[in-house]
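S.K.: Below is the structure I would like to discuss, written out as C-alpha cells.
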Amino acid sequence: MMNAANFPILSVTTFLPLVGVALICLIPSRHQKAIQWTAFLVTVATFLVSLQLYFRFDTTTWQMQFVEDTSWIPQFAIRYQMGIDGISLLLVLLTTFLSAVSVLSTWTAVTERVKAYMASLLLLETGMIGVFCALDFILFYFFWEVMLIPMYFIIGIWGGPRRIYAAVKFFIYTMSGSVLMLVAILVLYFMHYEATGTYSFHILDYHKLGLPANYQFWMFLAFAVAFAIKVPMFPFHTWLPDAHVEAPTAGSVILAGVLLKMGTYGFLRFCLPIFPQASVLFVPLILILALIGIIYGAMVSLAQDDVKKLVAYSSVSHLGYCMLGMFALNADGIKGSLIQMVNHGLSTGALFLIVGILYERRHTRLISEYGGLMKVMPIFAFLFLMVAFSSMGVPGTNGFVGELLILIGAFQASLKFGLAATVGLILGAVYLLWTVKRVAYGPITKPENQVLKDMTVREYAYMLPVLLFIFWIGIYPKPFLRTMDASVAHLLESMHAPKTAHAFEPRPAWFQNLLAKADFQQLTKGQGR
Amino acid sequence: MEQVMSSISLSAIAPELVLIACGLIVLMIQAVVGKRFRESYAYVSLLGVAAAAFLVLTRPGGFEAKIVEYSFCDMWVVDNFSRFFKLIVLIGTGLTLLVSIKYLDNEAMQHSEYYALMLLCTVGMMIMAGAAELITIFLGVELMSISLYALAGYTRTRMLSNEAAIKYFILGSFASGFLIYGIALIYGTTGTSQIPAIAKYLAQAGPGAGVLVMGMALLIIGFAFKTASVPFHMWAPDVYEGAPAPVTGFMSAGPKAAAFAAFVRIFMEALPSLQTDWVMVIWIIAVLTMTAGNVIALVQENIKRMLAYSSIAHAGYVLVAFLAAGELGLTSILYYMLAYTFMNIGAFAVITMLAGRGEARVKVDDYRGVGYKHPVAALAMSLFLFSLAGIPPTGGFMGKFYIFSAAVKQGYIWLAIIGVLNSVVSVYYYLRVTVAMYMQAPEGSEEVPAASALSPALIVAVAISAYGVLSLGLFPSTYVAMVKESFLSLL
C-alpha cells in the first residue's frame, strides 16, 4: 500500500487519460477495436483511481485535501497546485464516470478516424479533471482553455450537418468570456500584491482577500460573464443548442454532463468566496436570470420537434435551478445546487445516451419519426421513462433530491422566487412525459420502426451504471451529501464573516494608487514607470 | 553591472563578422566552383548561423554576468538585451534556411545570392540590436531593408513577387527617410547621436524642445513602418503575399524583432524623458494595430495575406508591452518575440511545405482535407495557429499572459481588455484554417496533392519550432529567467 500522503493521486487522475492518448497514438489506425478498448480501459482505470478520492476523503474538514504543490513558474509565483474539497470531489467523480460511459457509448456511433476521436475524448478528460482540481489561477486557466481544443474538434469533425458553425461558435463564445476573466485574474493578482506585499496565484489566498466593494463589482462581473457563458445562463445560452445538437453523442454527454458544470463550479469556487459583497449585490439579477432560464428553457423544450434539441434546451432549464439554489446563498440551496449539478450530469447525460441509441437505429432525431417503441423495444422504453423521471425530479430518483433542496433553499431566500421556480417543475414534467409518450407509446406509425432491435449488451453496460447512480442518489443521498457539508458550511461562514484575516485596512497610499490605476472611467493613464 | 569600454574590439562584433564571411564564402563557392555544389550553400550558411549563435551565447560570463561592453567609440554595445535579440534573429534565420532548401530546388532557384542576402540581412538586424548610436542603427536598418527588398522579389518570374519587391522598396525608402530625418532632428537638438549621451543631455536639459518631439515623432513613424503598425502597415499584406513563402516567414519574425529592439533601445534608453509625449500616440497606434490587423484578417482568403494581417496584429500586442514599459513590459517584449518567431516561422514552414510549385496552393480553401492527407503537418500547423491565437499550453499564451500582466500592472486595463478581446477576434480566422484542414472535404473529387517541399531539413525546422512553442508554453521559467537577465542590462 502506497503512502496516502505522498501519492500524487490528483495528478495521476488528471494525467492518466493523457497517458492513454500516448498509448492510443502508438496503435496503428486500422486496429479500431484495440483503440476503443484502450480508451475505455484507460477511462475505467481513471475512474477507479478517482474512486480512491472518495474513499479517502475526510468529510469532517473544509480544508483542501490531497494537496500537491510544486513550483512551476517561480518568476510569476505560478505554482502547480492541485487539491479538492467537498465542492469539487463529486464533480471530479462525475467527470471520470461520464468519461468512461461516453467512451463506451460511441463504439458504433463513431467509426471514422476513431484514433483521433478517442484521443480527443481522453485529452478532454484531462482538461476537465484539471479544471476541478487546480488551486492555482493560471493552472486553472490553462486547463479551462486547453479543454476547448478537443471539444472543438469533437464537435467540428464528428458532428452533424452544421457542425462547423456549432464548433466555431462554441469556441468563440467560451473564449470571449474567459479572456475577460484572465484580465480580472491579473487585476486581482496585482491587487493582492498591493494588499499583502506578496505575489500569489493561489486561489485560497484570494478567498482571504477582502476586496473593497467597488472592485468586487467589476471583478465579479468579469468572472461571472465567463462562467455564465459556460453554464449557460440566459441570455448567454445560444451556443448551447447548436453545440449540443451537432456534437456526436459522447460529445453531448460530456458537454452537458461536465462542461456546463464548470460554469457553476466557477461561481462556487471563485465568485462567492472572493467577491462576497458583490455576490450579494448581484443576487436579484442572477435569480431573475436563473428563473428566466428555467421557464424559458422549459418552454422552448416544449416546442421542439428534434428530441436532441429538446434535451439541449432542458439543460438551460436545469442549470437555471443550479444557479437559483446557489444564489439563494444558504446551505440547503448550495448543497442542492451541487447535488443537482451531479444529477443533471447523470440524467441529461443519460437522456443524450437515449437519443444516441435512437439515432443509431434510425438516423433521425425527429420525434414524429418515432412512436410506439414500447412494442418493439420495451426495455429501452422503460429505461427512457426512468431517465425522464429522474430528469423531472420524481421522488425516488436523484432529481427529486436536488430540486427539493434547491426549492427549500429558494423558499428560505424568497417566497416569490421559490413559487415561480415550481412552475418550471411542472413544465419539466410536461415536456419530458409528452416526449416519452410520443416516442414510446401509442401505435407504431412508421413501418421502419417495426424491426428495431432492443438494447444491446454494450448499451446495457453504459446505461445501467448511470441508472444505478440515479436511484442511489434518489433513495439514499447521504453518502453524497455528507461530502459537501463541511465545505458548504465554511463557504457560507466565510462569506458572511467580516474579512479580518489580512487586516485589509485600505491604506491610503495604495488605495489612492489603485484608484488612479484602475479607474474604469478614464481611458489612459499610467504616466510611466 | 559591469561596464567595459574599448575602442576597437573584434570580439564584440565577431558574430556579425562570421556571418558576413559566410555570406561571401557562399557567393565565392558559386563563382569559383560553379553550380555543382549548390547543395552546400545552405549548409555553409547554417554553419555560419550556428557559429554566430555560439559566439553570441558564449560571451564571457554567459547571461548571468550582465556585462555591458561598449566599443567602437560607444557606437556598439554588447549587453544581454542585444544578445537576446541577436539570438531571436539567428533562430529565425536558421529556421528559414532549413525551410528554404527544398523550396528553392522546386522553384529552380537554388542560387547562392539568396543565402548571401539572407545572411547580410541577418547582419543588418543584429546591428540594429547591437548599435548604441543612431546612425549605426540606421545603417543596420538599411542593410536589413535592402536585402529584404531583393529577397521579396526573389522569385523573379512571378508577377506578385515583383510587385512585392517594388512596393516594399518604394514605401520602405520613405520610411527610411522618416527615420533619418528624425535622427537628424534629434542630433540637431542634442548635439550627439550616441544613445547614452542623448539620455544624459536630456536628463540635464529638462523637458524637450518642439524640434526634439518632432524628431521623436518621425522616429515613431519610421519604426511603425518597419514593425508594420497601423496606419503604416499598408505594405505588409502585399509584400507578405508576394514574397516567396520562406521569405515571408523570415520577414515576419526577425526584422520585426530587430525593429522592436532598436525601437526599445532608442525610446527607453535615449528618450525616456519624453515618455509623456509618446504614451498617447503609441496607445492609439497599439489599439489601431491590434484591431485593424485582426479585423481585416477575418476576410482574407489567401493564407499568407491572412498571416500578414495577423502579424500586424501581433505587432499591436507588442506595442502594448512597449507602452507598459518597466521591467515586466520590456521583458515581455523579449519573451513574446521569441515565441512569435517560433510560431510564425513554424506556420510558414508548413505553408511552404504545402504550397506546391509556384505557390499554387496558398488559399485557405486549398487546405481542405489536409488534416488527413498530412496528419503530422496539420497537427503542427494547428499547434502554431493555436499558439498565435494565444491558447494554452503554447508559447503564444504565455507571451500574451506576460504582455497583458505588464499592461494591467501599469494600469492600462482598457488596453488589456481591448487586447484580449482582439485575441478572441483572431481566434476566428486561425480556426478557419483548422476548419479547412479537418472539417471540410476537398472541392469535388480533387485529391489533396502530396507535399511538394517536404524535406528532412524542413521537418527539422518544424520540429524545432514546435518544441519551442511547447516549451515556451509549458515550462517558461528558464526563458523568463533569461529575459529578466536580458532586461536588467538595458537600464
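Glycine is no exception: its Cβ is also placed from the backbone N, Cα and C atoms.
Here's the feature list from TrEMBL:
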TRANSMEM  B:12-33  transmembrane segment
TRANSMEM  B:40-57  transmembrane segment
TRANSMEM  B:84-104  transmembrane segment
TRANSMEM  B:116-141  transmembrane segment
DOMAIN    B:131-425  domain 'NADH:quinone oxidoreductase/Mrp antiporter transmembrane'
TRANSMEM  B:168-189  transmembrane segment
TRANSMEM  B:201-225  transmembrane segment
TRANSMEM  B:245-266  transmembrane segment
TRANSMEM  B:306-326  transmembrane segment
TRANSMEM  B:333-356  transmembrane segment
TRANSMEM  B:376-399  transmembrane segment
TRANSMEM  B:411-431  transmembrane segment
TRANSMEM  B:451-475  transmembrane segment
S.K.: Short question: most Cβ pairs under 8 Å with the transmembrane segment (B:84-104), which of B:12-33, B:201-225, B:333-356, B:411-431?
M.R.: B:333-356
S.K.: Out of B:40-57, B:245-266, B:333-356, B:376-399, which stretch has the largest tally of CB pairs under 8 angstroms to the transmembrane segment (B:116-141)?
M.R.: B:245-266
S.K.: With the transmembrane segment (B:333-356) as the reference, which stretch in B:245-266, B:306-326, B:411-431 has the largest tally of C-beta pairs below 8 Å?
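M.R.: Out of the listed stretches, B:245-266 contacts the transmembrane segment (B:333-356) most.
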S.K.: Which listed stretch (B:12-33, B:201-225, B:306-326, B:411-431) has the most C-beta pairs under 8 A with the transmembrane segment (B:245-266)?
M.R.: B:306-326
